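Trainee: Okay, handing you the structure first.
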Amino acid sequence: MSFFVDSVIMFTSQVLFFGFGWLFFMRQLFKDYEVRQYVVQVVFSVTFAFSCTMFELIIFEILGALSSSSRYFHWKLNLYVILLVLIFVVPFYIGYFVVSNIRLLQRQKLLFACMVWFTFMYFFWKLGDPFPILSPKHGILSIEQLISRVGVIGVTLMALLSGFGAVNCPYTYMSYFLRNVTDSDILALERRLLQTMDMIVSKKKRIAMTRRQMYQRGEDQNKQTGFWGMIKSVTSTQTGSENLSLIQQEVDALEELSRQLFLETVDLQATKERIEYSKTFQGKYFNFLGYFFSIYCVWKIFMATINIVFDRVGKTDPVTRGIEITVNYLGIQFDVKFWSQHISFILVGIIIVTSIRGLLITLTKFFYAISSSKSSNVIVLVLAQIMGMYFVSSVLLMRMSMPLEYRSIVTEVLGELQFNFYHRWFDVIFLVSALSSILFLYLAHKQAPEKHMAL
Amino acid sequence: MASLDRVKVLVLGDSGVGKSSLVHLLCQNQVLGNPSWTVGCSVDVRVQDYREGTPEEKTYYIELWDVGGSVGSASSVKSTRAVFYNSVNGIILVHDLTNKKSSQNLYRWSLEALNRDSSPTGVIVSNSDYDREQFAENPVPLLLIGTKFDQIPETKRNEVLTRTAFLSEDFNAEEINLASQTFSSSKASVDCTNPRYLAAGTSNAVKLSRFFDKVIEKRYFTRDPSQMTGFTDRKRFNFKSLHYD
């Protein structure tokens, strides 16, 4: 009976998550596009729903809600469904929509989509070879094979995003990095932009008028071909079209300049708005947070380096360690079991919520930047795939943040994976990503004032 | 040569609806081979004969300013874009017939362009609301162009046409619907915007000429010849009786 009740609870929450994913898709991602293929929306919402259910199960694990056998059952069920979606459904639809966009292959859409899927499976399988992620006791068709590979991809993604986020966050929040931009700078740049546009317009007028006169005179605009044509073109003066191509080259150069000026002006406007924002109360608050974040980020990079250099893998989670420290060094006595449960609940909850929110925001920004009306379906499915893999691996990595008694369910469900490998891999990629982001931001920051001063 | 009079017409619409292809077609009478994202603004010039075939025929330059981007862009992009909206004499609104959202966004596009120009006439425009009255009294002529008409399945065409008819009423504008690709099975051409649809003599070409003539008249032939921008004079010269039959 309790199993039935638990299942009903799980199902209701899954429907809720599905609805949330649906709304997010409609309101945020596909704000400017019309949804013509509802399959895409359904697949996205399903992926989101099952990923969130996994997080929910972790929370239930910590809180001790629902009976342990039904929890285990739902874990397994959820895992199978999500692997099915991530490995079979989403890649197949990605292949299908990519093939639909290519006109030559319209006839045999299904066939080509299957071919694309098989190629994906081949590379997916090959991915597991260079990594020591499996113990030899696993068979070839076990679930651990799939999870381990999904885990590798997801952990790489997580580490890349965290590394970049850890560096970018203080850079964006702190006003120390803001360049000084005045209104007159912006006005000067805008004036230059308009002058360039005027020059382009006057050259284009010349081209249009010359073309019109040539057309009216019945001159042959195309170059004469053939042997006699070449001889003729040497002797007669084709000044009309020569002039045109010269002016056209000048116009192309001016257009490139106008694009650059436009982008610079946008950049300056954005900086000016950030300066104004930093003077408000909210801005000051974020500036303050930025200092904390930068310390935290430096600490994380430091810890990642230590872990790699000293080949150290943390054995205890932060909650237990924190409690140990307070009990042993500060001498405060309190009920360890009670508090560890609540603190780990809060900590894990915060991690989950911030990672979901952070990922959705990043995905939205990414989607706006690169999507067009033709490729929006494909891109949203790719984002759904990334999201699913990200959430699966965050469950994997979260195991480290939980006290021992809660880890067992994750270990049991995910099988005997080499968890230490994943943490090490995360540290390596995090370090690489953070360092290259620092380099990238440094170069971008240095280059901008030079451009600005060259005006 | 360069001393002909000019008018400035904005071409606005969402990303990917076909503004660059349209402008290229209008100015060069050729299809655009490889359209790519428009960064900032691209301008092209069309030489137009005003009142062709009558004794008052005169040639003008029509500058078509194709402004790229989306309505939901960051405010820094919007304020930079506003630089291009100075002294506009006409606006062409382009939307994708296969995408309803692009038609809805046209209200916001037109408000963005007209707000920039709002003016001593005292037309108070609030940023998010759309007011039909304001478009009725609008001094700037509008033309509505829908693209990718041939990509709509046969069954839905009527529905789409009724929707765009409402849209053009709202804007008090003429409308033109264009095809984008020729999908015939014998040849697979990837030209965007078939020049056939705008060839001289077709009804689309007539509507286009009428629009350009209206823009030129608004700019140069209003009752008060000494005005600068054409907006300060609220009296509307009703040219409809002269052109429409």
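Residue positions begin at 1 at the first shown residue.
Any Cβ shown, glycine's included, is placed from N, Cα and C.
Take a look at what TrEMBL says about it:
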- A:6-26: transmembrane segment (TRANSMEM)
- A:38-59: transmembrane segment (TRANSMEM)
- A:79-98: transmembrane segment (TRANSMEM)
- A:110-127: transmembrane segment (TRANSMEM)
- A:142-207: domain 'Golgi pH regulator conserved' (DOMAIN)
- A:147-169: transmembrane segment (TRANSMEM)
- A:277-446: domain 'Abscisic acid G-protein coupled receptor-like' (DOMAIN)
- A:288-310: transmembrane segment (TRANSMEM)
- A:343-368: transmembrane segment (TRANSMEM)
- A:380-402: transmembrane segment (TRANSMEM)
- A:422-443: transmembrane segment (TRANSMEM)
Trainee: Which sequence positions outside the transmembrane segment (A:380-402), separated from its termini by at least 6 residues, show Cβ-Cβ distances below 8 Å to it?
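Mentor: Apart from its flanks, the transmembrane segment (A:380-402) reaches 25, 29-30, 40, 43-44, 47-48, 50-52, 54-55, 58, 62, 82, 85-86, 90-91, 93-94, 97, 147, 150-151, 153-155, 157-158, 161, 314, 317-319, 344, 347-348, 351-352, 355-356, 359, 363, 366-367, 371, 410-411, 414, 417, 419, 422-423, 426.
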Trainee: Mind checking how the domain 'Golgi pH regulator conserved' (A:142-207) divides into helix, strand and coil residues in DSSP?
Mentor: 59 helix, 0 strand, 7 coil
Trainee: Are there residues at least 6 beyond the ends of the transmembrane segment (A:110-127) whose Cβ is under 8 Å from a Cβ of it, and what are they?
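Mentor: The answer is 87-88, 91-92, 94-96, 98-99, 149, 152-153.
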Trainee: Check the transmembrane segment (A:343-368) against each of A:38-59, A:79-98, A:147-169, A:288-310, A:422-443 and return whichever range has the most CB pairs under 8 Å.
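Mentor: Against the transmembrane segment (A:343-368), the leading stretch is A:38-59.
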Trainee: Let me spell it out: take the transmembrane segment (A:422-443), skip the flanking residues so only those 6+ beyond its ends count, and list any with a Cβ under 8 Å from a Cβ in it.
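Mentor: Long-range Cβ neighbours of the transmembrane segment (A:422-443): 131, 133, 151-152, 155-156, 158-164, 166-168, 171, 297, 300-301, 304-305, 307-308, 313-314, 393, 396-397, 400.
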Trainee: Report, as numbers and ranges, which residues of the same chain sit near the transmembrane segment (A:288-310): CB under 8 Å and 6 or more residues beyond its ends.
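Mentor: Distal contacts: 166-167, 169-170, 172-174, 423-424, 427-428, 430-431, 434-435.
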